[in-house]
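*Asks:* Swiss-Prot lists 1-21 with the feature signal peptide. What Swiss-Prot records for Cys80-Cys91, Cys131-Cys139, Cys141-Cys158, Cys206-Cys220, Cys208-Cys215, Cys284-Cys315, Cys300-Cys310, Cys314-Cys354, Cys330-Cys345, Cys332-Cys342, Cys337-Cys338 is disulfide bond. Among the features that Swiss-Prot reports, N-linked glycosylation site is placed at Asn90, Asn301, with the record citing sequence analysis. What Swiss-Prot records for Ser212 is O-palmitoleoyl serine, and it gives similarity to another entry as the kind of evidence.
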Amino acid sequence: MEPHLLGLLLGLLLSGTRVLAGYPIWWSLALGQQYTSLASQPLLCGSIPGLVPKQLRFCRNYIEIMPSVAEGVKLGIQECQHQFRGRRWNCTTIDDSLAIFGPVLDKATRESAFVHAIASAGVAFAVTRSCAEGTSTICGCDSHHKGPPGEGWKWGGCSEDADFGVLVSREFADARENRPDARSAMNKHNNEAGRTTILDHMHLKCKCHGLSGSCEVKTCWWAQPDFRAIGDFLKDKYDSASEMVVEKHRESRGWVETLRAKYALFKPPTERDLVYYENSPNFCEPNPETGSFGTRDRTCNVTSHGIDGCDLLCCGRGHNTRTEKRKEKCHCVFHWCCYVSCQECIRIYDVHTCK
């Protein structure tokens, strides 16, 4: 590991006590192999770090679906890393830390908004899919078909019950967001935006039945989209996220913080928009306080004028170029019937990395 990254990682781990208060550390269950066996070992619920009492009760009462919750968080993290692969902050996780993103999400930034939304959506998505696959006895297919069949088709197959997946995500992910402060309000809003995206993207999927491929009978069912579509949509919402300001009100239970759109001339955010109220660091240099790993040694696109281009990704520091040899299949030929034969070629590529 490079010295500057080693120093940053040590700084993040040593500051762990402060970091843990920033966001749900139960997300770390996505990185633990032992949690895939939760369904057969209920006592593991007590070993999940960061669970509030309501989440612990949920885990023990609905132990069958907890592996899907873990899978959903993992799915959200993987999608975050895909969506931000060419950005200065690329959704880096720290495997041996309970705060898997480091201090980055301590602040109420756009990045925090996106991660909460995609993780919440991931839980809803994975639970819904697991129910449709029949891996749990407490859920299954959606028997409420949401309307009569259309002309030329009838209901069939297993409609995915996204309402149940959303309910699980809401009950579990929002359980800790019960404080009367601005950060809880922001987290709950963005969690719900992620879940709403799942519901909005449900679509009819159909299959034809008949002799010789004819479509004498067509059956349809409700299905979730590929999770990449959810990530793409929420990434667009990240780019257009609404900046908010914090307002304090005195109520019977004491002071309560709420969020209001910062710019009155703009359209206020809807339940489908992401919200934030603190500016992001520039992520150019390593910084243990902000959790930035910097962009040194990151691969950049020399032909791009976007954020993944060497000018922006490298923050004006310039870039290095090296050549790389790669073995690839080439000159492939299809043979009847039925296989493909290929030769192996050595190709030379230029690789550009930030200084």
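The backbone N, Cα and C atoms fix where each Cβ goes, and this holds for glycine too.
Predicted, not measured: the structure shown is a model, and the values here were computed from it.
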*Asks:* Going by C-alpha distance, which of the disulfide-bonded residues Cys215, Cys315, Cys332 is nearest to Cys338 (disulfide bond)?
*Replies:* Cys332
*Asks:* Near Asn90 (N-linked glycosylation site) in space, meaning Cα within 10 angstroms, which of the disulfide-bonded residues do we find among Cys80, Cys158, Cys215?
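*Replies:* Of everything listed, what lies within 10 Å of Asn90 (N-linked glycosylation site) (Cα to Cα) is Cys80.
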*Asks:* Among the disulfide-bonded residues listed here (Cys284, Cys314, Cys315, Cys342, Cys354), identify the one with the smallest other-Cβ count within 10 Å.
*Replies:* Cys342
*Asks:* Quick one: among the disulfide-bonded residues Cys220, Cys310, Cys332, which has the most Cβ atoms sitting within 10 Å of its own Cβ?
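*Replies:* Buried the deepest by this measure is Cys310.
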*Asks:* Taking the Cβ of Cys215 (disulfide bond) as reference, which residues of that chain separated by at least 6 in sequence fall under 8 Å from it?
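*Replies:* Within the chain, Cys215 (disulfide bond) has Cβ neighbours under 8 Å at Cys208, His209.
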*Asks:* Go through Cys139, Cys345, the listed disulfide-bonded residues, and name the one with the sparsest Cβ surroundings, counting other Cβ atoms within 10 Å.
*Replies:* Cys345
*Asks:* Between the disulfide-bonded residues Cys141, Cys300, whose Cβ has more other Cβ atoms within 10 Å than any of the rest?
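*Replies:* Output for this query is Cys300.
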*Asks:* Look up Cys310 (disulfide bond) in the DSSP assignment and reduce it to helix, strand or coil.
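*Replies:* The residue in question, Cys310 (disulfide bond), is helix (DSSP, three-state).
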*Asks:* Just to verify a number: CA distance, Cys284 (disulfide bond) to Cys314 (disulfide bond), in angstrom, no decimals.
*Replies:* 7
*Asks:* Rounded to an integer, what is the Cα-Cα distance in Å between Asn301 (N-linked glycosylation site) and Cys310 (disulfide bond)?
*Replies:* 6
*Asks:* Pop the Cα-Cα gap between Cys342 (disulfide bond) and Cys206 (disulfide bond) into the table, whole Å please.
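*Replies:* Distance (Cα to Cα, whole Å): 37 Å.
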*Asks:* Can you tell which of the disulfide-bonded residues (Cys80, Cys158, Cys330, Cys337) has the fewest other C-beta atoms within 10 angstroms of its C-beta?
*Replies:* Cys337
*Asks:* Taking the Cβ of each of the disulfide-bonded residues and counting other Cβ atoms inside 10 Å, which one has the highest number: Cys91, Cys131, Cys206, Cys208?
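*Replies:* Output for this query is Cys131.
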*Asks:* Determine, using Cα-Cα distances only, which of these disulfide-bonded residues is closest to Cys139 (disulfide bond): Cys91, Cys158, Cys300, Cys310, Cys314.
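*Replies:* Of all the candidates listed, Cys158 is nearest in space.
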